[in-house]
Amino acid sequence: MKKLVLLQFLFFISFARGFTNVYPKPKYCPLLHEEDAGIPLFLTPLIENGKIDEARNKAVIQHKEVEAISSYAGFLTVNKKYNSNMFFWFFPALHDPKTAPVVLWLQGGPGATSMYGLFLENGPFIVTKNKTLKMREYSWNKCHNLLYIDNPVGTGFSFTEDERGYATNETHVGRDVHTALVQFFELFPELQTNDFYVTGESYGGKYVPAVSHAIKDYNIKAKIKINLKGLAIGNGLTDPVNQLDYGDYLYQLGLLDANGRNLFQKYEEQGKNLIKQEKWLEAFDLFDELLDGDITQQPSLYKNLTGFDYYFNYLHEKDPSNDSDYMVEWLQRADVRKAIHVGNRTFIPESKKVEKYMKADVMQSLAVLIADLTQHYRVLIYNGQLDIIVAYPLTENYLQKLKWPGAEKYKTAQRKVWFVGNELAGYSKTVDSLTEVLVRNAGHMVPLDQPKWALDLITRFTHNKGF
């Protein structure tokens, strides 16, 4: 009992920080400025002046470690007043790029670079412990034109020169990414009629619907209309009031006893009340101390009660790999920076400043956007079975309460078994335009844990093959 009181005391005295970026924290790796990293490539002036061929030629990446795969990279200006620029890296499909769908990947956070997706999850390359690249067998660019954007501004290589350039809500996120996408399709006009999909994971549960909704709205009057067909969200935080419900889940896993569950539920109820009162910052702080505690001097309640430092996969109490460190070290090499046209621009894999500006956004729901988008596009919501931070039952909580035209049918829809060849990959449920999938033996980052199945998952969705 004394220990329980002490935990509550520690919880209260450290109750003043944020629900921080959930990605593994890579070690600091400085850029050696004495080496020649070239200069940043800003493509917007060339695009605006109609110099498309020149822009594309300059954006080509030429480096011995990536020469086996065609790719393009550079900066797209999304706000001239604040000099806000977004970094992109684009990989044309290996098979039939003229007709292959264009897939945008957005990482979570808020403030995590999409280079995590590229190098740790679904891009054509993996950074080895020797800081060299090897090909990924199940890269999504096998049959997709694959686009990575560091989002929001201030994340990864993307940057702004004015504090007012940082996004503070999902409207800003949607606007900036849409501005970048329009320029991307001006740079690659042959792809404008290809099917387009917005995808992402984790806090991408906010970004993906925000960008999709922005495309829908801007397409009404836009000169360049984006051919959006669908959106896919992996382990996404979309509807916090109905998703942040960990006590029962951790109890069922055996990571909490009944007392721990009750303590979790006490604070979760307080958090939900704060959300309902639209006290976004207070709710943010509460749930951070419940789960993360990353930027405080005290462990989170989750850490105190379970002993876990990790919430991406309940089979691991600590991060089992150093892959994010290898990625950062590779990207900080001057020859690499010169090749990808970023020069000496600062690389921030997990931006605290982006998180600070987005803090009031975190606990707000975008379920209403998901409900609207189901009436216009196909929607895929998938979860890894072993995740904790955005676990499958928590996603199912919000989907069961989602107010959309297929809501009643969804509640009684039959679940199907999903095989990849002879392998049992997971389970799916489809009602009208909405598909929900559980991926077996995968944690928070599904393509990292189950790359073969993840490729099958996204390919079935983008090629409308069903499960």
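Placement of Cβ uses the backbone N, Cα and C atoms for every residue, glycine included.
Swiss-Prot lists Ser202, Asp387, His444 with the feature active site. What Swiss-Prot records for Asn130, Asn169, Asn304, Asn322, Asn344 is N-linked glycosylation site. Sequence annotations record features per position, and here Swiss-Prot assigns signal peptide to 1-18 based on sequence analysis.
Feature annotations (Swiss-Prot) mapped to structure.
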residue	record	CB count, 10 Å
Asn130	N-linked glycosylation site	9
Asn169	N-linked glycosylation site	15
Ser202	active site	28
Asn304	N-linked glycosylation site	17
Asn322	N-linked glycosylation site	13
Asn344	N-linked glycosylation site	17
Asp387	active site	25
His444	active site	25
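Of all the recorded positions in the record (Asn130, Asn169, Asn304, Asn344, His444), the one with the smallest CA separation from Asn322 (N-linked glycosylation site) is Asn130.
Comparing CA positions across the recorded positions Asn169, Asp387, His444, the one lying closest to Asn304 (N-linked glycosylation site) turns out to be Asp387.
Between the C-alpha atoms of Asp387 (active site) and His444 (active site), the distance comes to 5 Å.
Under the DSSP three-state reduction, Asn344 (N-linked glycosylation site) is assigned to coil, being neither helix nor strand. Looking only at Cα atoms, Asn344 (N-linked glycosylation site) sits nearest to Asn130 among the recorded positions Asn130, Asn169, Ser202. Reported as a whole number, the C-alpha separation between His444 (active site) and Asn130 (N-linked glycosylation site) equals 26 Å.
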